[in-house]
Amino acid sequence: MPPPSQYHPSAPPDSPDDSDSDLDLDIEELDPTPASGPPASQPKNTERRAPRIALRTLRMGGLRRGANRNGYGELGRSRAAGEEDAEALLRDEDGNNPRYSDASAGGRDDAPLLSEHGGGSGPRRRRRSFAADTLRVGRLRLPSFMSGTSADHGKNDGEEEEKEEDDPSSSRLVAVGSRQVIRFPPNSISNAKYTAWSFLPVTLYNEFSFFFNMYFLLVALSQIIPALRIGYLSTYIAPLAFVLVITLGKEAYDDLERRRRDNEANSELYTVLQFDEPGVGGANIRSRKTLKSSHVRKGSKRAVPQGDRLSDIREEEEQMEADGSHRFASSHVQEISKKSKDLKVGDVLKLSKGHRVPADVIVLKCLSNEAAARQQEQEAPSPEEESLLVDHPVDPGQGGSKDAEPGTAGGAAEGSSNGETFIRTDQLDGETDWKLRLASPLSQNLQIEELVRLRVTAGKPDRKVNEFSGTLELLSTRQDAMGSNTFGNGDEQAKAAPLSIDNTAWANTVIASHATTLAVVIYSGPQTRSALSTSPSRSKTGLLEYEINSLTKILCFLTLALSIILVAAEGFGNTKTDVWYIKIMKFLVLFSTIVPISLRVNLDMGKSVYSWFIQRDPGIPGAVVRTSTIPEDLGRIEYLLSDKTGTLTQNDMEMKKVHVGTVSYANDAMDEVATYVRQGFHLTPSLNQVSNPPLATPSSTSAAGVGVGATRTRREIGSRVRDVVMALALCHNVTPTTEEDENGKMINSYQASSPDEIAIVKWTESVGLKLSYRDRKGIVLESTETGRVVVKVRILDIFPFTSEGKRMGIVVKFYETLNSETSSLNEGGEIWFYQKGADTVMTSIVAANDWLDEETANMAREGLRTLVVGRKRLSTAEYQEFSARYKEASLAISGRDAGVQAVVSRYLEHDLELLGVTGVEDKLQRDVKPSLELLRNAGIKIWMLTGDKVETARCVGVSSKLVARGQYIHTVEKLRRKDSAQEHIDFLRSKLDSCLLIDGESLGLFLTHYRTEFISVAVKLPTVVACRCSPTQKAEVAKLIKEYTKKRVCCIGDGGNDVSMIQAADVGVGIVGKEGRQASLAADFSIEQFCHLTKLLVWHGRNSYKRSAKLAQFVIHRGLIIAVCQTMFSIAVDFEPLGLYKDWLMVGYATIYTAAPVLSLVLDKDVDEELANLYPELYKELTEGRSLSYRTFFVWVFVSVYQGCLIQGLSQVLTEVDSPRMVAVSYTVLVLNELLMVAVEITTWHWVMVVSIVGTFLVFVGSVPFLGGYFDLGFLMEVGFYWRVAAILAMSLIPTWAAKVIQRTMKPPSYRKVQGI
């Protein structure tokens, strides 16, 4: 295995070219007397400075003075010292200044290196003392026996010393990159239902909670008592033991499969940074060398990297250290791979785009991949220097100076080195918008080797995914970070920064940015937000099991009643052998076949067959049955609760339509838009403009022609199209990036918080106007045809989108030529305000028009997400007045938000020129519309529960046809008053054909105060859409529907936020998502597409239920008929509890003589798959439970009593009672009757059925010669045996078969009707 890779620290990205410019020092800094803090009236960042002198001169003088004492020292030490002093100079003493400031001064040669007042009110130090230096991490290396963390940092848990157990109810201190003092839970996912200790107790309890299992346990135990014994003990113990072994084995197999799949997720590899002690793994102390210039040291191969400008000098104070102590980085960093389950609290993860976050983490640093690669090309350090280089955050937008103009070589994606990264949270909360996450400046501007000096203080684990508060501390040494002491505000060496939800990434979110993100684990395993929002796995029992349990109680009552009646018929006092209660107990044992122990075995084997069919169905590839005990419930679903994102939709937006007032463009008509854009932005520079070509502005664009001979109407339309395309290309928060595709090619892509905006920007690129560069100061647009810059603007103000405002705006100033500057507002250039937003808010902002309402309504009916686009031109004076008022309002202490909004409304948001309306479609999963329609026709009521926004949920509800065309949508949003809630309930009662659209806040109010009233109305509505739902609310809704309706509820989802809902449902279905498999792992059934659900329910669910119902009826019939024969025999022998069929005859009847034909009924089907999909109404019948109801049960009881009385009665009449001849005739007829009854009940023959029936008959015939102990074998050779068997069999079967034919003729079942169509 190759050795772990090491980090390649890089130089600071924004270092100026002049290698000495950073070495100038304010002369005030050499003042031997402490300077006082700044006067209260003087601004902190004053521009007045004392004259500068060269810092190099002072340092070299110090070197010369100290040369005799310490020598020049070794090269590596001087390099490290120079970088540490650069860090000290660039950092404010109070920790508030970032190491490489993001301010515009960061790229200027005359930028001051030291803060003007060195830490506010504290005194400015003339120089650092040795004591202060030794407190800094890595300045003084501790021997290994004193070090708290040494090379054994990676020891196994078994080798670690005993740790204090974590208390989940208290806050925690997490030392970054180090071993923790407290033992936290492992970071493993577990969907298993049992442990090694709980398996037997829990499964046995579940089994014996069923009445008939407990009944047979009591019967088996009764055989231990000699007075109650009838036949062999094994006759009663063996069937029960067999049932338990089969059931427990299946449960164990299912749970082991869950554990295996959990292990796959837990074994996912992640890159972790391992922080070893300096000197371990390559950071060894090097021998002293004479100081040489960098040019001599590195040779003439390449220029000296800017990050090493200070590496050729020594700090004066270092030379004055009498003991010559060496200063090192706090740690040596190397990358290792760890499985997800091996991650621990405190581990620092290296995450890239597309990585699933395996635990709850705090973002520490964000590094741009592009800049890091560029840095490594410029600087390829030799192995001996590698460990001493410093890794600096690199901004892809800062390839040159910070003030680089848009469109220059430095213009890559902005934001990475500012500590910004995007995450996708749809697996956690269902929201489709990306979330911006920030690294704290305290950690972002810290070298990677120094991250071990950080300590995180976090609260106790909780389930609030939108809340977090904590603290990040930078301490003096790694040992301090590992300690539990807290530093006061006066400690210079301790710096703290607050942490909020913006600094976090919870487990099961996905990194969406191209930057590399370094993050520290703070909550692991069961303490993550995702796990705390998930209810524990529970054992699920199908409805059919409960129904059979109820029928078993009836059968047991019949057994008891029959036993008492037989004893009473003889007389309680008139007993020849035993006392009356002993006789009752013996009869109960004899009639125990009425409650068939083999029923559980047959049903469990049937379930295994259904699971096999599902998993091998080519129509639903990838289907997995994780809970094989409830396939029959798939045929009884009445409520379907579905997630939206990733389940119904792909979370992939596409621009489908744009309307510009007089004409609408969609589909193929987009080519015409591209033509207008190409003509409108085709700017040909004149000869004197070649070096500084002109750019398009709204005014110049409007004046441009669309071609010779174009009509006035076409020119107007072309002008409108160009205006709306330009507006859409400018009014957004999208940043262009480049990424590597599967083939290794670099491709352009975009990142933004909203997929809607990315869809619109991709559309503008497709029609000819590409976003090529974006930072906080400007936007550059290129023509996709020529590749030339055609639009360049300076961003003056941005008003981001909020859920309350439902709109976003931007104020820009246009550049008139490519190389023009607009640093001053008074210089030339048009100022425009662009805004886009929801039609509900934009209608009152844009100028009066006669088409907006109609067109937005048309798009809404198509399920498109509409945005209205407008613009307004501002004069310089108007903008300056607005800017002054805006700044004044933003500084207000009270009522700031309202004041700012009032200024924006007054100066900008009125009388906007309406440019157009866009329609964006959230792409649905394959075949979602026909699938939902089929399920609705099958009688299933569908609810959509999502964590997304109200508008998004409404659009998807309409586009997926979940909401019927023209159906009224009753929206309940932001409900806070109880009386209003009651009004909504009353309205819905009067309009039960409407769709309810409700948000999480309002849903919470209903569930708290009007729980029963709300659910009683909601279950009657055809469709309910709930948005902004938390995972807990989803699960609560599922439980509430189950409790109120007593119907079967199915929940389907694909994200971690759906797990609670899936586990709360009677049937949970998980879709294997693009990023996460958590829902799939926790579900009872796993599929790959939503459209597969229809086949799972309508075909496999229907078959499973009908087959199990028929199977249960046959097993009950098989047990009843032999009990009736026993009753007839007991009556004939003077009510004595003597067994009719003993030992092997009893066991053989229930096993080899009838089991296979009865079990083959699991292959029966009444209709084929095509008819089941064509007539989903057939599924609707199953929800009523008619296949196995009390009515059908008593019909089978009647048939069993009739056939049992006839078979045993005629056998006794035609032969002598209690003789081997009678047993031979009776038993033979009994077996043949069961085989022929199976043949009569089969609807569609299968070759397995034929083999099982014929094979069983042959087995019976072949075994007769071995039954001499029970039969009169000589009688079997006589003709009298055969005519008696034939006669009795005919009288038993013909009336039963005739009754069935007459019923089907007079009242045919539904499947017969559709077969006849």
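Cβ coordinates are placed from backbone N, Cα and C, and glycine is handled just like the others.
TrEMBL does not curate its annotations; it predicts them automatically.
The region 'Disordered' annotation in TrEMBL covers 1-130 (among others).
Marked as compositional bias 'Basic and acidic residues' by TrEMBL: 76-96.
TrEMBL lists 145-172 (among others) with the feature region 'Disordered'.
According to DSSP, the domain 'P-type ATPase N-terminal' (182-233) comprises 25 helix, 2 strand, 25 coil. Look at TrEMBL and you will find 182-233 tagged as domain 'P-type ATPase N-terminal'.
Residues annotated as transmembrane segment in TrEMBL: 236-253 (among others). Within its own chain, the transmembrane segment (236-253) is flanked in space by residues 194, 199-200, 203-204, 207, 213, 216-217, 219-220, 223, 589, 592, 597-598, 600-601, 604-605, 607-608, 628-629, 1147, 1150, which lie at least six positions past its ends and keep a Cβ under 8 Å from the stretch.
According to TrEMBL, the region 'Disordered' annotation covers 296-336 (among others).
Per TrEMBL, the feature region 'Disordered' maps to 373-421 (among others).
Within the chain, the transmembrane segment (554-573) has long-range Cβ neighbours (under 8 A, six or more residues past its boundaries) at 211-212, 215, 580, 583-584, 587-588, 591-592, 594-595, 1116, 1119-1120, 1123, 1127, 1130-1131, 1134-1135, 1193. Sequence annotations record features per position, and here TrEMBL assigns transmembrane segment to 554-573 (among others).
The transmembrane segment annotation in TrEMBL covers 579-599 (among others). Packing against the transmembrane segment (579-599) from elsewhere in the chain are residues 212, 215-216, 219, 222-223, 227-228, 230, 236, 239-240, 243, 548, 552, 555-556, 558-560, 562-564, 566-567, 572-573, 1112, 1115-1116, 1118-1120, 1122-1123, 1126-1127, 1130, 1137, 1139, 1146, 1150-1151, 1155: each is 6 or more residues past its ends and has a CB under 8 Å from a CB in it.
Residues annotated as Mg(2+) binding site in TrEMBL: D643, T645, D1054, D1058.
Long-range Cβ neighbours of F801 (ATP binding site) (same chain, at least 6 residues apart, Cβ-Cβ under 8 Å): N733, S754, R807, M808, G837. Marked as ATP binding site by TrEMBL: D643, K644, T645, E757, F801, K836, R865, T946, G947, D948, R1028, K1034, N1057, D1058.
Taken from TrEMBL, the feature region 'Disordered' applies to 691-711 (among others).
What TrEMBL records for 1081-1308 is domain 'P-type ATPase C-terminal'.
Annotation comment: TrEMBL describes 1111-1132 (among others) as transmembrane segment.
Long-range contacts of the transmembrane segment (1144-1163) within its own chain (CB-CB distance under 8 A, at least 6 residues past either end) are made by residues 231, 235, 238-239, 593, 596, 598, 602, 605-606, 609-610, 1107-1108, 1110-1111, 1114-1115, 1118-1119, 1122, 1223, 1227, 1230-1231, 1234-1235, 1238-1239, 1241-1242, 1246, 1248-1249, 1252-1253, 1255-1256, 1259-1260, 1263, 1267, 1270. TrEMBL lists 1144-1163 (among others) with the feature transmembrane segment.
Residues or ranges marked as transmembrane segment in TrEMBL: 1188-1210 (among others).
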The rounded CA-CA distance in Å from R1028 (ATP binding site) to D643 (Mg(2+) binding site) is 11
Among D643, K644, T645, E757, F801, K836, R865, T946, G947, D948, R1028, K1034, N1057, D1058, recorded ATP binders, what is the largest CA to CA distance in Å?
-> 33
Number of other Cβ atoms within 10 Å of the Cβ of G947 (ATP binding site) across all protein chains | 28
In the same chain, which residue numbers or ranges, 6 or more beyond the ends of the transmembrane segment (1222-1240), come under 8 angstroms Cβ to Cβ?
-> 1114, 1117-1118, 1121-1122, 1125, 1140-1141, 1145, 1149, 1153-1154, 1157-1158, 1160-1161, 1203, 1207-1208, 1211-1212, 1214-1216, 1249, 1253, 1256-1257, 1260, 1270-1272, 1275-1276, 1281, 1284-1285, 1288-1289, 1292-1293, 1296-1297, 1300
Among all the protein chains here, how many other CB atoms are within 10 A of the CB of N1057 (ATP binding site)?
-> 33
Would you report the average pLDDT that the model assigns to the domain 'P-type ATPase N-terminal' (182-233)?
-> 81
Provide, as an integer number of angstrom, the distance between the C-alpha atoms of G947 (ATP binding site) and D1054 (Mg(2+) binding site).
-> 13
For D1054 (Mg(2+) binding site) and R865 (ATP binding site), determine the Cα separation and express it in whole Å.
-> 23
R865 (ATP binding site) versus binding-site residues D643, T645, D1058 - nearest by Cα | T645
Go through D643, D1054, D1058, the listed binding-site residues, and name the one with the sparsest Cβ surroundings, counting other Cβ atoms within 10 Å.
-> D643
